[in-house]
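S.K.: Pasting in a structure now, in structure tokens, and then I'll have a few things to ask.
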Amino acid sequence: MNSRAIRYFSFLLLNMNDRQALHDYLSGAPFADYQNSMYFDRFLQWKMLERQPITKDTFRQYRVLGKGGFGEVCACQVRATGKMYACKKLEKKRIKKRKGEAMALNEKQILEKVNSRFVVSLAYAYETKDALCLVLTIMNGGDLKFHIYNMGTPGFEKERVQFYAAEICCGLEHLHRESIVYRDLKPENILLDDNGHIRISDLGLAIKVPDGEQIRGRVGTVGYMAPEVINNERYSMSPDWWGLGCLIYEMTAGRSPFRARKERVKREEVEKRVQEEEEEYSDKFSEDTKAICRMLLAKDPKQRFGCQADGAAGVKAHPFFKNINFKRLEAGILEPSFVPDPRAVYCKDVLDIEQFSTVKGVNLDQTDNDFYSKFATGSVSIPWQNEVRSCAKIPAAANIITWHFFQIPQ
């Protein structure tokens, strides 16, 4: 590339609003030069490696971490790189019995679209004889429910509530940017990693909202569902901001806003409280914590914080977050107020995790195989590339990657 071209290219980079001109220029001589270079050959070789078939033999399987709606979640490790993940298994017969095909495929496709440090990432999707498997970011620090209720006095100090709420807010912002409403915000679905950062998990109820439209769906968890969801009204992103209000309240008070922990109460009673009663605030709430909860827990979604034109930006500007530097937070360089102890186990004993019963009377046929082929698509580009890049820094892992690389037909 000559000096004139470099100057023009630099000018285009500085004026990114002229995207078409940049595209037109790069698709000409620069791309032709790239195609004739060793870098393009290397790129094609790595893409071939990325697209190798993924099977159960790609991984080592370890202990059960928990269970989802259709099967167990266990720890697993990629044999070639040593990278650890969580494998969410969806039993084929259980999916068919519950008519959960659309829900399972929807979760997989949404996970593929989202690339956020505040939402669990999908790295691989494959199938075995009995299950469909989602290989996800492993989060060893436990979930928020465990930390709220099993680490001493229920609830957190304000600094910790602010940090988690800020990261959840960023996760919701990233989902909403893709027109995805999450719809199941609750402590069990917020997971901590080894360093104390959180990610939103379990996107089984998430759905993409068509541009300019609203959807209807009475889904979620009792006590965390927004009034408009309970009333089966149309909505877009409003249920997620209600959920954030519930979480900030629960992290502060050590109980959910509309039901005391372990309180035996019918679903209808909880829903009536959500629709009609105002939440109560103890002296654990500072004025700005109380204010943001009230704004997020507004019964009318039109009046609810986060549902106006400024969306997440308005929420992040609230005085409750005055000590949070969101640029540093989104860059992953803001230190958490709590870091999990690597020697501790922040989850139930494996013996306490209930086992699934055997599914009987369900037969799989060719139409099921057509669905499985849409699901089991192998590796996902960005997480796979991040895995290879991070593991290639370790000499032993780099040797294994290189060995696998040269098994590819040249």
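Backbone N, Cα and C define each Cβ position, glycine as well.
What TrEMBL shows for this protein is this:
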{"type": "ACT_SITE", "residues": "ASP184", "note": "active site, proton acceptor"}
{"type": "BINDING", "residues": "LYS97", "note": "ATP binding site"}
{"type": "COILED", "residues": "260-287", "note": "coiled coil"}
{"type": "DOMAIN", "residues": "59-321", "note": "domain 'Protein kinase'"}
{"type": "DOMAIN", "residues": "322-387", "note": "domain 'AGC-kinase C-terminal'"}
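Describe the structural context of these features.
M.R.: Neighbour list (ASP184 (active site, proton acceptor), Cβ cut-off 8 Å, at least 6 residues apart, same chain): ASP202, GLY204, LEU205, ALA206, VAL219, GLY220, THR221, TYR224, GLY243.
Counting Cβ atoms from all protein chains shown, LYS97 (ATP binding site) has 14 others lying within 10 Å of its own Cβ.
Mean pLDDT for the coiled coil (260-287) in this predicted model: 92.
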